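Everything on this sheet refers to the single structure shown next.
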Amino acid sequence: MDNEIKNNIAESSSVEANDNFELQNISKLGGTNNDEHDMAMLGRTQVLNRNFRFISTLGFACTLMSTWEIALMTSLFGLLNGGTAGLIWGYLIVWVGYMLVFATIAEMASMAPTSGGQYHWVSEFAPARYQKFLSYIVGWTSVLGWQTGLASLTFLVGTMIQGLIILDNPNYIPERWQGTLLVIAITAFCIIFNTFLAKKLPMIEGMVLIIHIVGFFAVLIPLWILAPRNPAKEVFTEFLNLGGWSTTGVAFMVGLLSPIYTLIGADSAVHMSEEIKDASLVLPRAIMWAAGINGTMGFIMIITFCFCLGSVFDIIQSPTGYPFIQVFFNVTQSNAGTCIMTAILIVNITSACISTVATVSRQTWSFARDKGLPFSSFISYVKPGWNIPLNSVLITFTITTLLSLINIGSTVAFNAIGSLAVSAILGTYIISFTVLIFRRLRKEPLPARRWTLGRYGIFVNIGAVLFLLVVWVFVFFPLQTPVTLATMNWNVLIFGSVMIFAVVYYLFIGKNTYSAPVELVKRNL
């Protein structure tokens, strides 16, 4: 009897010592008691530094989305398919729809603030018999979406640089291999910030937030002061069909792809959850503030651009490949002025690439931590002292470099990567939101959260899914002219190939090795 009492006391002391160690570890890495509680509920051990606070998290989300900058960069597609009226009203419609998406993600992030994001949430809320496979597929889709998204974003920066070269040297002929080298160089630059300067990343994100906002006014004010104005009736009511579609209505729907790409990335900061102090409250607040700030700046910039661009028919033929560069030149009548204004966008989008590398590497690391990828042990390794997923960062650089080589063979195939990234990420939203809706409809308990949608949650969730389903169809199955090598839907081909590989890997290896995240509610019953 005495021995049994002693053993119980020893066991109790051991458990208390382990709890104290975990709490000390969380505290040492910058966490709070709420973070310690969340990590325990998630069944995780804190290994990353929690260096991000509200402002740095807000800066991270705002700069990664870079809404007003990307709105200008993607304006050509919207002008061809909808004109100025399509660009403005399409942006507004997509922004409203995305606010439902942002709100749903914010609440789910408060329930389970984990770097895994969508695949973890699917594991939390899906019915038990579908839990493992669904979360596995969503994990692969999320990795695919973010990895290809980084390649697409760095490519945009590279082509902008080439656009400026064309402005200053009309005889310059951009080569595909040059674009590939620019992608590799920009990604390598971003890797430096995510490795050697990783501890300074929160401070850098706060500074970049300032540049993001100040740069907005630095571009906006010259346009307001110097540019001639198009008539308001023309800007807001004239829809154009310059893409050869059967009707202007179809052209408008196709043109929605421009704001869809502009506003995507609602889950970006989610994948930094385990590096945010007091994440279950700070993260959802930062997500919603970023949606409001970025969405507003993007809408103002789009309206300003449409008033200042002059003739749509002339501007879409700009030799630089970017109508906004031509607008800057028309307004300033100066190569130097145009270069300065465009350089602001290049700096900000490069900053977005830095944030994207962080998001991609954390999401990939988290999925590897659950043994969802080949070579998971290597990818999920966290170097002691660095407290960052270094191997995952380097893998991300390797993947982007390999993807950029596609551009040498075919720019058309490489451009499909952009729509592939969008469709993959939107797909993860749809699945994770849908299983949450079914859980709510079944009246099953949800994890506690500190940021909530209250009784309106189910309506916001359903609205978000309906919106996503419509836009996902247009992204994943874009309307095509007669199929040729140039118009072939490479998006479906690449996505299908990756999913086939993922399923085969799951059936032969992953089914036995993948450990789907535990369901929070069951852990606490």
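Count begins at 1; order follows the chain as displayed.
Backbone N, Cα and C define each Cβ position, glycine as well.
Heads up, TrEMBL stuff is auto-annotated, nobody curated it.
What TrEMBL lists as transmembrane segment is 54-76 (among others).
For 88-112 (among others), the entry in TrEMBL reads transmembrane segment. The list of residues near the transmembrane segment (88-112) in space but at least 6 beyond its ends in sequence, with Cβ under 8 angstroms from a Cβ of it, reads 38, 41-42, 71, 78, 82, 120-121, 124, 235-236, 252, 255-256, 258-260, 262-263, 266-267, 270, 273, 279-281, 283-285, 287-288, 291, 295, 298-299, 302-303, 306, 429, 432-433, 436, 446-453, 457, 460-461, 463-464, 467-468, 471, 520.
The transmembrane segment annotation in TrEMBL covers 133-157 (among others).
Sequence-distant neighbours of the transmembrane segment (177-197) (same chain, 6+ residues past either end, Cβ-Cβ under 8 Å): 150-151, 154-155, 157-159, 161-162, 204, 350, 353-354, 356-358, 361, 386, 388, 390, 393-394, 396-397, 400-401, 404-405, 407-408, 411. Under the heading transmembrane segment, TrEMBL lists 177-197 (among others).
Same-chain residues lying 6 or more positions outside the transmembrane segment (209-227) and placing a CB less than 8 Å from one of its CB atoms are 55, 58-59, 62-63, 66, 68-69, 297, 300-301, 304-305, 307-308, 327, 330-332, 337, 341, 344-345, 347-348, 351. Annotated transmembrane segment per TrEMBL: 209-227 (among others), in sequence order.
Sequence annotations record features per position, and here TrEMBL assigns transmembrane segment to 247-266 (among others).
Annotation comment: TrEMBL describes 287-313 (among others) as transmembrane segment.
Look at TrEMBL and you will find 340-361 (among others) tagged as transmembrane segment.
The transmembrane segment annotation in TrEMBL covers 388-406 (among others). Among residues of the same chain six or more beyond the transmembrane segment (388-406), those with a C-beta under 8 A of the stretch's C-beta atoms are 48-49, 147-148, 150-151, 154-155, 179-180, 183-184, 187-188, 191, 194-195, 198, 357, 360-362, 364-365, 368, 378-382, 413-414, 417.
Beyond the transmembrane segment (412-438), the same-chain residues lying 6 or more positions past its ends with a Cβ under 8 Å from any Cβ of the stretch are 101, 104-105, 108, 117-119, 121-122, 125-127, 134, 137-138, 141-142, 144-146, 148-149, 151-152, 155, 257, 260-261, 264-267, 403-404, 406, 458, 461-462, 464-465, 468-469, 471-472, 475-476, 478, 485-486, 488-491, 494-495. Per TrEMBL, transmembrane segment is recorded for 412-438 (among others).
Among the features that TrEMBL reports, transmembrane segment is placed at 458-477 (among others).
Among the features that TrEMBL reports, transmembrane segment is placed at 489-508 (among others).
A Cβ distance under 8 Å defines the sequence-distant neighbours of the transmembrane segment (340-361), meaning residues of its chain 6+ beyond its ends; these are 60, 63-66, 69-70, 72-73, 146-147, 149-150, 153-154, 156-157, 160-161, 163-164, 186-187, 189-191, 193-194, 201, 204-205, 208, 211-212, 215, 218-219, 222, 268-269, 271-272, 324-325, 328, 332, 389, 392-393, 395-397. Outside the transmembrane segment (133-157) by six or more residues, the chain places 70, 73, 116-120, 122-123, 126, 179, 182-183, 186-187, 190, 271, 346, 349-350, 352-353, 356-357, 359-360, 363-364, 367, 370, 372-373, 396, 399-400, 403-404, 407, 414, 417-418, 420-425, 427-428, 431-432, 435, 494-495, 498-499, 502-503, 506, 510, 514, 516-517 with a CB less than 8 A from a CB of the stretch. Here the transmembrane segment (54-76) sits against the transmembrane segment (287-313); at least 3 CB pairs are under 8 Å, leaving out pairs fewer than 6 apart in sequence. Long-range neighbours of the transmembrane segment (247-266) within the same chain, counting only residues 6 or more positions beyond its ends whose Cβ lies under 8 Å from a Cβ of the stretch, are 61, 64-65, 67, 70-71, 74-75, 77-78, 80-82, 86-87, 90-91, 93-95, 98, 101-102, 105, 239-241, 287, 291, 294-295, 298, 418-419, 422, 425-426, 429, 471, 474-475, 478-479.
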